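Presented below is the structure to which this report refers.
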Amino acid sequence: MNIHEYQAKEVLKGYGVRIQEGIVADTPEAAHEAAVKLKEQTGTSWFVIKAQIHAGGRGKGVVNETGSHGVILAKKLEEVAEKAKNILGGTLVTHQTGPEGKLVNKVLIAEDVYYPGASEPKEYYLSILLDRATGSNVIMASTEGGMDIEEVAEHTPEKIMKEWIDPKVGLQPFQARKVAFALGLSGNAFKEMVKFITALYNAYEGTDSSQFEINPVLKTSDDKILAVDAKVNIDDNALYRQKELAAFRDVAEEDPLEVEAGESGLNYVKLDGNVGCMVNGAGLAMATMDMIKLVGGEPANFLDVGGGANATTVEAGFRIILKDPNVKAILINVFGGIVRCDRIASGVVEAYKTIGDIRVPIIVRLQGTNAAEGAKIIDDSGLKVFSAITLKEAADKVKAVLEA
Ligand code: GDP
Ligand code: MN
């Protein structure tokens, strides 16, 4: 589960990670008040207004309606409300949102931390993530902060250093020093960076996260090290014991079809193709999607209805698939184990009649317990539903209806 920057910063601060201070606001008036309060608290007289969406690249991103960038600087308190107004309620398009962009409901009013001083402020990149290949956590660090890290990884991979951490032992002090040293730091900035990395790792562990990305981490002109941005991804499987973090969920940031599917206990992921799929079991769903591609189709979604599929789940699955205007055919591929094929077939026929007005052809492949009975129910229903026994046969029928 992803959370917003303002939420992530609050969490990090709780673990002793130094952050760029800020106050969240959802109207231009609240943005002004936030700036007044922030000035009192931090003494700042410049403010950064940051769109809160679950996507990066906001600084370079543009709000469709106003042309404003998603991260902007206000050098006067009086400008904050107006600049916030140009972002709030707008659609921000960044290289991570896709061309449709994301609606901005909140802005973070943050203190300016790039003030001049003894030295130039310098941006770094730091992330911590789960490395499944080695079964450990890995810290990635780079002096090329503030930039698109994918670009750095592609053109100058030697500029990204990696330090693996055994989750049983945890981060060792020498490892934090090694990372800070690799970033070329010395003196007070080095000490601050060691503290920063240590606190950040504690936060990563304590929140059951699978990914932290702080880009940029800033060394201020007076050698403070702080998080200017924060992307935090919490492991969904840990949310049962991370109740405070679970409350940070923002469904407005999620695909509405995926939210609806979740409420019906379905595991649904929207894709870009034209063949809707309804399958029981994730492995079978993957195999089904492969088959669709093999015959020249593209899956419109991944949908695992789970082991306990019945008429209600089948109907809920149908409704969700049909809301996707790209769907030109639906392939139902269910293995009857505990759930018998005849039950599923009846469920399909029932759902078909209940929903009514289904214009796309449906191919049903039922295997396992009572497969023949299931096929007969489909064939006898008189509906525009085609049955198939083998997966290849099902895929060929999909191909035939797409070409028809
Ligand atoms: P992202 O574009 O979505 O990754 O948003 P970030 O939070 O990383 O901010 C983007 C950029 O805004 C940073 O790389 C900085 O260059 C700039 N920025 C952020 N905070 C400040 C600030 O306090 N002062 C100034 N002058 N620029 C800032
Ligand atoms: Mn960033």
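Glycine is treated like the rest: Cβ placed from N, Cα and C.
Feature annotations, reproduced from TrEMBL:
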- 2-217: domain 'ATP-grasp fold succinyl-CoA synthetase-type' (DOMAIN)
- Lys50, Gly57, Arg58, Gly59, Val113, Glu123: ATP binding site (BINDING)
- Asn215, Asp229: Mg(2+) binding site (BINDING)
- 278-398: domain 'ATP-citrate synthase/succinyl-CoA ligase C-terminal' (DOMAIN)
- Asn280, Gly337, Ile338, Val339: substrate binding site (BINDING)
Residues among the binding-site residues Gly57, Asn280, Gly337, Ile338, Val339 that border ligand 1 - Cβ under 6 angstroms, in sequence order: Gly57
C-alpha spacing of Gly337 (substrate binding site) relative to Val113 (ATP binding site), in angstrom: 60
Sorted by sequence, non-Asn280, Gly337, Ile338, Val339 residues with Cβ within 8 Å of centre, substrate: Gly307, Gly308, Ala309, Val334, Phe335, Gly336, Arg340, Gly368, Thr369
Binding-site residues close to ligand 2 - of Gly59, Val113, Asn215, Asp229, Gly337, only those whose C-beta is under 6 Å away: Asn215, Asp229
Maximum Cα-Cα separation (Å), residues Asn280, Gly337, Ile338, Val339 listed as binding substrate: 11
Cα-nearest neighbour of Asp229 (Mg(2+) binding site) within the listed binding-site residues, Arg58, Gly337, Ile338: Arg58
Listed binding-site residues (Asn215, Asn280), ranked by Cβ neighbours within 10 Å, top entry: Asn280
